[in-house]
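S.K.: Attaching a single structure in structure tokens format; questions to follow.
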Amino acid sequence: MNSQDLKKRQEKIRNFSIIAHIDHGKSTLADRILEKTETVSSREMQAQLLDSMDLERERGITIKLNAIELNYTAKDGETYIFHLIDTPGHVDFTYEVSRSLAACEGAILVVDAAQGIEAQTLANVYLALDNDLEILPVINKIDLPAADPERVRHEVEDVIGLDASEAVLASAKAGIGIEEILEQIVEKVPAPTGDVDAPLQALIFDSVYDAYRGVILQVRIVNGIVKPGDKIQMMSNGKTFDVTEVGIFTPKAVGRDFLATGDVGYVAASIKTVADTRVGDTVTLANNPAKEALHGYKQMNPMVFAGIYPIESNKYNDLREALEKLQLNDASLQFEPETSQALGFGFRCGFLGLLHMDVIQERLEREFNIDLIMTAPSVVYHVHTTDEDMIEVSNPSEFPDPTRVAFIEEPYVKAQIMVPQEFVGAVMELSQRKRGDFVTMDYIDDNRVNVIYQIPLAEIVFDFFDKLKSSTRGYASFDYDMSEYRRSQLVKMDILLNGDKVDALSFIVHKEFAYERGKIIVEKLKKIIPRQQFEVPIQAAIGQKIVARSDIKALRKNVLAKCYGGDVSRKRKLLEKQKAGKKRNEGYWFCRSPSRSLLECSFNG
């Protein structure tokens with residue numbers, strides 16, 4: 001193809017993604033679009049086709065973004081090339097959404113005709129507006145008995161401020177309105193800008209590791225053209241590689257002769273080292289490099305930290321390799337090595353939220369077959385010392401001595417909770433119990449209320465979401481953003497087993513709740529730890545002060561049972577032997593206690 005043909009082809013390209021709150025029908029709509037454009041044969045079609053991970057299918061959520069190419073013949077008789085980038089809906093995967101949107105010019109905003117606008121709908125719309133995307137509202141599930149499309153249309157206009165007069169009324173499940181959506185994409189989503197004759201600039205928006213071909217980059221070509229045989233260069237580190245294959249996903253990988261401006265596809269270049277590529281980096285040609293890198297992505301800072309340890313210590317290197325491969329595919333995951341007296345060698349990992357942490361743990365166990373122990377989640381505290389230093393602490397075991405601490409600041413988030421009016425009282429009570437400060441409350445319509453609180457992140461990462469769902473019978477939707485750091489009365493609580501501190505069980509708690517939390521954990525540990533042949537005291541301590549204690553009574557073994565009579569010195573000898581054995585056991589009894597159960601206890605305490 002010459003330059004003129006490529007420019008004509010570029011005018012026919014439409015790059016778009018689908019954004020929505022969880023369960024508003026995003027993946028189902030993607031399935032219907034694939035069917036309508038005959039991208040996938042009816043034999044290969046299955047529900048949630050783009051959710052290729054088993055975990056995504058089981059949980060019914062999208063975790064990873066997916067990009068596929070479709071061809072659509074519009075009513076004007078022209079054939080258009082669509083690049084559909086499917087995105088997750090959960091707050092923990094906002095980073096995936098922002099990466100998808102950076103590769104698009106338009107976004108289909110799916111809103112449930114019965115539930116209306118939810119907290120995550122708003123968060124995703126603001127991301128799309130930040131990227132200057134053309135937003136096409138779609139009111140989905142109009143075939144539900146509780147559907148009220150007109151009310152939702154007004155909500156879209158009043159709450160988001162988008163013109164919803166031309167919003168498509170659709171039912172992805174029943175296949176209603178799909179053609180109308182495709183026609184709107186053709187008419188309203190702009191073709192990609194960019195110059196096919198300019199030096200190559202390709203944005204890496206995702207990557208995946210292949211055992212045979214190395215790292216495979218998923219890219220959006222912003223300027224220029226790339227083809228097999230080209231020598232490409234990473235603009236962040238200057239590393240060069242020879243392109244072996246380029247292609248697109250349909251959703252299977254299909255090789256192509258080239259990828260040109262506006263295309264979304266993959267590039268394989270025998271990249272063997274995971275560290276050589278970074279999501280958000282710019283790829284250019286080594287012999288004709290671009291003058292500057294593309295804007296890339298804002299680096300996401302982890303909000304929740306936890307220790308990950310292999311149950312078998314010889315799996316430490318396997319765990320490191322597994323984390324590196326997951327990080328390639330999930331740039332928001334961060335990790336560094338750490339050691340624990342109780343658990344040995346492992347990693348301190350940073351996550352965007354609890355669901356993100358849960359998904360990473362499950363992927364490590366399933367995809368890499370490593371049995372893990374996770375410590376209780378923690379957040380980043382700012383500890384100000386008496387010598388006027390500020391230390392960032394994400395691991396309770398790194399907390400300085402209490403005598404050196406002047407004051408501690410903890411992260412607060414702005415929590416936006418959308419809830420039916422009848423549950424407002426329950427939401428406010430829960431938020432206040434979690435040390436939240438009320439900010440404001442708006443009525444979206446006659447029945448639904450948007451409540452905003454400032455809540456400590458540490459309270460949210462434990463059980464806030466579960467408690468919110470149970471206190472509102474599942475009707476509340478929730479979204480949060482980092483707000484600020486505030487001074488708080490925080491203390492480090494240590495758990496002592498048989499007089500020894502167990503570093504993996506330490507946690508940070510507000511002074512007000514210290515006694516209550518300490519008592520709960522001590523009682524739980526008493527039930528979990530098996531009885532020994534000696535008494536084991538379990539204590540919760542703040543510094544030198546013991547705030548809660550419980551004892552596991554000794555298990556008595558009668559070593560004299562086999563002595564029916566005989567000399568007393570024989571009996572004394574057996575008792576002395578038992579006493580020596582008990583003393584020897586005291587040193588390493590913890591190694592045999594169920595460490596996974598201990599950590600689950602501290603996690604749920």
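Heads up, the Cβ atoms here are built off N, Cα and C, so glycines get one too.
Annotations for this protein, taken from Swiss-Prot, read as follows:
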| type | residues | note |
| --- | --- | --- |
| BINDING | Asp23, His24, Gly25, Lys26, Ser27, Thr28, Asn140, Lys141, Ile142, Asp143 | GTP binding site |
| DOMAIN | 11-193 | domain 'tr-type G' |
S.K.: I'd like to know which of these binding-site residues, Ser27, Asn140, is least surrounded, judged by other CB atoms within 10 A.
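M.R.: Lowest Cβ count within 10 Å among the binding-site residues (Ser27, Asn140) is Ser27.
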S.K.: I need the least crowded one of these binding-site residues (Asp23, Gly25, Ile142), counting other C-beta atoms within 10 angstroms of each C-beta.
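M.R.: Counting other Cβ atoms within 10 Å of each of the binding-site residues Asp23, Gly25, Ile142 gives the minimum at Asp23.
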S.K.: Return the average pLDDT for the domain 'tr-type G' (11-193) as a whole number.
M.R.: 76
